[in-house]
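This report concerns only the one structure given below.
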Amino acid sequence: MFGDLMVFKAYDIRGIYGRELDENFAYSLGKCIGKKFENKKILVGNDVRIGSKELLPYFIVGLKEYADVFYAGTISTPLMYFGTKGKYDLGVILTASHNPPEYTGFKMCDKEAIPLSPIEEIKPIFKKYELTESIKEEAKNLNLDDLKVNIIEEYKKFFLKRCKASDKKIAVDFANGATTIAEKEILNELFDNAVFINDYPDGNFPAHQPDTLKMECLKDIIRAVKKNNCELGLIFDGDGDRLGIVDENGNVLRGDILTAIIAKEILKEKSNAKIVYDLRCSKIVPEIIEKYGGIAIKSRVGHYFIKKLMHEIDAEFAGELSNHFYFKEIGYFESPLLALNYILKAMDEENKSLSELNKEFSKYPHSGEINFRVKDQKYIMEKIKEHFKDCKLEELDGISIYCKNFWFNLRPSNTEPLLRLNLEADDEKTMKEKVEEIKNLIAKLDASL
């Protein structure tokens, strides 16, 4: 099938360049989106990936047949949201986020920076168009400078005014991704005492995959923090919408712990604020929110669902286990820079190191996300429900089961035959025992199929 329709996901379009996403797909996609947004203003940017840069001119040529196109250059996803909001009818960035270098893709948002769901809004209108020699020639000769708009200066101006300069010694791993452009300049001005690594753009990602969650991708930042005696380290993913943090000892802080730290600081400013957290997060998150006068709202996993919910309920902040942090202040989208600003504020106001804050908020042992490759997701989830029938059940996203001294969420992957488990308990022993129990149960059920 042309342009395998499996590339259309809930949150984006993503696939391997040259195999699942090629120039013909990019041109056809551009033309379909252009028709949908005929005579509208569309902002387009790209990350540093080789596939993104190769597909860009074909995508723009398709768009230009129907819509007015403006090119922002090589930018991060938060910068695309920032540039689109209130100024353009649609924003599109060619990116595959934290995936390996052979991938590319497309993320889209409307004029309020709310994500479009490709599987719901683009896949139904997608069709193949012929990539003629004249179209190829037009793409080859496309002068991007003729379409160029500068959205970086306004972005830099906003964050340099909003974020407090710090004398803390930090290390930053840019992972050779999109944040090596604007975000690097901002951090360079905010910190006099910063160590930058992997800080030049390279779509081959020579240092490591640009993923803030995989331990093998965090070795460089951990090493840099220890070697340079830094007070904290941060790492961006490939398109700059995730922020990973390590403390002065090189220990990684989970996304839900960071969510709790940031939420506490926000609630010092706005005590009755609504704060959203994804259902995988530790129960320390709602406990902290409620302790400091906030309203804790649980959400499905994923930026598409979280941003829509934030808009609907007018939430001040949202955080995910996956290191996405969203702020009403800038339009309900991700901002690693604002997240960092609040983390530094917590360290200053509490007069604590990051390791001390991590210890304070890491009250409950958490398994982290564990993946299981299974033959039948639905069958296994039903059997797990039966096994824990005496516990409280929620089905907001997969199944969440709440028992006396532990709870867990088991949900299917949208894109792979996987089940994802997150489990938390009141003590380490129970956590390990229950993870093992569920692992064995899933293995037994899968073997029976």
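Each Cβ is built from the backbone N, Cα and C atoms, and glycine gets one as well.
Swiss-Prot lists Ser97 with the feature active site, phosphoserine intermediate, giving similarity to another entry as the kind of evidence. Taking a C-beta cut-off of under 8 angstroms and a sequence separation of 6 or more, Ser97 (active site, phosphoserine intermediate) has the following same-chain neighbours: Asp12, Arg14, Thr77, Gly105, Lys107, Asp237, Gly238, Asp239, Asp241, Arg242.
The Mg(2+) binding site annotation in Swiss-Prot covers Ser97, Asp237, Asp239, Asp241 and rests on similarity to another entry. Classification of Ser97 (active site, phosphoserine intermediate) by DSSP places it in coil, neither helical nor stranded.
Taking the centroid of the Cβ atoms of Ser97, Asp237, Asp239, Asp241 as the Mg(2+) site, the other same-chain residues with Cβ within 8 Å of it are Asp47, Ser76, Thr77, Thr95, His98, Gly177, Ala178, Pro210, Phe236, Gly238, Gly240, Arg242.
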